[in-house]
Amino acid sequence: GVIPCGESCVFIPCISAVIGCSCKSKVCYRN
């Protein structure tokens, strides 16, 4: 939840979810 994955999730889900990222405030974060 604190490390930005460099991906937004405004229109599509986080592709980086495969490495543990999740959507938060329209941006993908991990941890």
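In case you wondered, yes, glycine gets a Cβ from its N, Cα and C as well.
Marked as disulfide bond by Swiss-Prot: CYS5-CYS21, CYS9-CYS23, CYS14-CYS28.
Sorting the disulfide-bonded residues CYS5, CYS9, CYS21 by the number of other Cβ atoms within 10 Å puts CYS21 first.
For CYS14 (disulfide bond), the number of other Cβ atoms no farther than 10 Å from its own Cβ, over all displayed protein chains, is 20. CYS28 (disulfide bond) is 6 Å away from CYS9 (disulfide bond) when you measure Cα to Cα. With a 10 A radius on its CB, CYS23 (disulfide bond) counts 18 other CB atoms from all the protein chains. In three-state terms derived from DSSP, CYS28 (disulfide bond) belongs to an extended strand segment. The number of other Cβ atoms within 10 Å of the Cβ belonging to CYS28 (disulfide bond), over all protein chains shown, comes to 21.
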